[in-house]
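Enquirer: One structure, as structure tokens, below. Some questions next.
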Amino acid sequence: WCVNNVLSRSREREYKSVFKMATVWKLVALALAAEIVLVSSTSYKEGDKVLVYVNKVGPYFNPHETYHYYQLPVCRPDKIEHKSLTLGEVLDGDRMALSLYDITFRTDMTTKKELCKVNFSENDLELLRNAIEDLYYFEFVLDDIPVRGFIGHLEEGSFLPHNHKIFLWSHLHFNIEYNKDNIIYANVTTKDQLPISLDGTSVPLEIAFTYTVTWIPTELSFEQRATRIRDDSFFPKNLEIHWLSIINSLVLVFLLIGFVVIIMTRVLRSDFARYNIEDDEDTDDLDSDDNGWKIIRTDVFRYPPCRNLFCAILGVGSQFLALATGILLMALAGMFNIHRHGSINAAAVVLYAFTSSISGYVAANMYKKMGGDSWVWNINLTSALFALPFFLVWAVINSVAWAYGTTRALPASTVILLMALWLFIGYPLTVLGGIFGKNYAGSFDAPCRTKNISREIPSVPWYRSVFVHCAIGGFLPFSAISVELYYIFATLWGREQYTLFGILFVVYGILLSVTACISIALTYFQLSAEDYRWWWRSIFSAGSTGVFVFLYALFYYCKRSNMSGLLQTLEFLGYTALTCYVFFLMLATVSFFASLKFVRYIYVNIKMD
């Protein structure tokens, strides 16, 4: 009775803990739904107040170096009221606050209305001059529509000696398009008043800021609002639909895959015919004539060194494959709205936490199959394999952003939220997945018995070296995505809203297919050279694609962008290195499992003693 009582209490505590964890997961799922839900239309009546939020300012060519609008000496209320932001908006660098603009629905304001008067000191003027020289733009938000314009105007003078004139825009004209009771689009212009010169002015300088409003009826429906916003011409357009380049890549990739499949099929058929001789032939003669990949059958399934790290890479790579697939499927389903700032970032953070169980399961399952005993250390290594490098890179970048005072520095509340998300959801799910993976792991079931003493590996020519294999295994998958890579970089490090998710999903499938085919071919060539150390080679051959992506990123930064400054450079290099690390983990996982499937297949289909 005592034992049953203790067991029942233990089960009750387990049920309560599971119920609490399920409650936490439900709350996080609701938060995710709030991030990615489609924005519903806001209906107005004539004369209703339309709120205008000031958001951020920053250099035009440094998209990730942004500051709060009220850090400039501009019109501001006595008490600044900030808007409640979602996780995605905070991660995107938004810091919205109420402005002094008094705009009412469908009420034109043709006469200039004074917003405020500002007395500028010499320090204020110097701050404005520096901002205008760096081509600072501002961003307001009106009914979830970003409204952008420049702080001032720079007029170049003579070339030798070089000089320029600096002007400040003190008047803004709002053009707001509406359809019945919905706002469709809004922008600002500065053409109605000449700018004010900031050169050679005496201090203190008093400037009156004014604005006007024009309401324009349109036939566009609210459902077409996203298209109207996307076609905004404030930032340069680079993301045209590039069907010709995609078709060209598809043809090349299918030819490559077909070539590999046909060649490998013919070669394997020849090998099987040579190795699987008739049963009536002399077995001793066969053993003396063995060469190629059959002769290393007693070593090919010898487990690799550093199994703990090896299995952790496979676990985290599987997690990111699931995460990338989930993000693309959600995007194809239309779950990311152009109005919702940073919704993809928020979805990626939450999905990373929830897919941690996949990494724990795959890593612990493979580690157990390979005869590993330190499964606790394996789970901890798996959970830290990406989280630790990410935290170190983020800590450096966030510290620099905090020192600069930019909005890219995450507030303490968001940092605590993200840490809690990993500590209370991500890490426990990794442990839970690891426990299931360890308990449900069977035997490795290698088709060939492994001898205790390994064979000597013969020397190989230079074109079969590790470096050449990695160069080929990395360059070919990179060439499959090189066309789309420019548009991805223009989205991540530019001003674009990526909407070609169908094309991106196709390119994603091509990337995985090419990686699998190339890894199988390279593994076959390695085994044919009587080198059985294919385990780690399959990881690095395809994982080296991350190196090519990083080299392309350096080219993009130097030749295709105008980014500059310590903060922007540090953020670009840091987060790009993490992205390339994710490429390494994902493609290394695809390469290994494809190679493992291939190696099992060829050794199952030959006759052995």
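Cβ atoms here come from the backbone N, Cα and C positions, even for glycine.
Automatic prediction, not curation, is the source of TrEMBL annotations.
Reproduced below are the annotations present in TrEMBL:
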TRANSMEM  243-264  transmembrane segment
TRANSMEM  309-336  transmembrane segment
TRANSMEM  342-363  transmembrane segment
TRANSMEM  375-397  transmembrane segment
TRANSMEM  409-429  transmembrane segment
TRANSMEM  466-489  transmembrane segment
TRANSMEM  501-522  transmembrane segment
TRANSMEM  534-555  transmembrane segment
TRANSMEM  575-599  transmembrane segment
Enquirer: Where else in the chain does the transmembrane segment (342-363) make close Cβ contacts, counting only residues six or more beyond its ends and a cut-off under 8 Å?
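Expert: 25, 28, 31-32, 35-36, 86-92, 94, 311-312, 314-316, 318-319, 322-323, 326-327, 330-331, 335-336, 378-379, 381-383, 418, 421-422, 425-427, 429-437.
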Enquirer: Take the transmembrane segment (309-336) and find every residue of the same chain, 6 or more past its ends, with a Cβ under 8 Å from one of its Cβ atoms.
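Expert: Cβ under 8 Å, 6 or more out: 36, 38, 343-344, 347-348, 351-352, 355-356, 358-364, 366-367, 370, 372, 378, 381-382, 385-386, 501-502, 504-505, 508, 535-536, 539, 582, 585-590, 592-593.
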Enquirer: Could you check whether the transmembrane segment (501-522) and the transmembrane segment (575-599) come into contact, where contact means at least 3 Cβ pairs under 8 Å with the two residues of each pair 6 or more apart in sequence?
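Expert: Contact between the transmembrane segment (501-522) and the transmembrane segment (575-599): present.
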Enquirer: For the transmembrane segment (375-397) and the transmembrane segment (575-599), does the number of C-beta pairs under 8 Å, pairs 6 or more apart in sequence, reach 3 or more?
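Expert: Contact confirmed: at least 3 Cβ pairs fall under 8 Å.
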Enquirer: What stretch in 409-429, 466-489, 534-555 has the biggest tally of Cβ pairs under 8 Å against the transmembrane segment (575-599)?
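Expert: Out of the listed stretches, 534-555 contacts the transmembrane segment (575-599) most.
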Enquirer: Could you give the residue numbers and ranges of same-chain residues that sit at least 6 residues beyond the transmembrane segment (466-489) on either side and whose C-beta is under 8 angstroms from one of its C-beta atoms?
Expert: 238-239, 242, 245-246, 248-249, 252-253, 256, 496, 498, 500, 503-504, 507, 510-511, 514-515, 518-519, 522, 525-526, 537, 540-549, 552-553, 556, 560, 587, 591
